[in-house]
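First up is the structure itself, then whatever we jot down about it.
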């Protein structure tokens, strides 16, 4: 297993392409509201991504346990998510996979957007992606 570590984001991003898209996006996007990538490793047939664990779980599971009222949804998801997306878009990034399974919550209840596997930098690439790349993501405390 070859460790990719967490090199300086811009140096890693410059070397990235293809199947490394999620790593690049996660390293470059060290901004509030984005799940933090802690470490990466590579095996012969997989890329392993180690993320900070979302102590508050994800929105999908939360909604399955109990429906949210409109005020909670607005305050804990819509407003913070729009702020994160505005930051991403101002940097040229488009997430392209917004869904409850990719919206996480920190221990304090704050929103963190994850899964940047389909993210593109619209300043450098067209919105066309190959689907079906295997990437393993592991949450870490």
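Placed from the backbone N, Cα and C atoms, the Cβ positions cover glycine too.
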Site co-member for ATP according to TrEMBL, given 101, 102, out of 115, 121: 115
Distance, residue 97 (active site, proton acceptor) to residue 115 (ATP binding site) (CA atoms, angstrom): 8
Neighbour count (Cβ, 10 Å) for residue 101 (ATP binding site): 13
Assigned element (helix, strand, coil) containing residue 101 (ATP binding site), judged by DSSP: helix
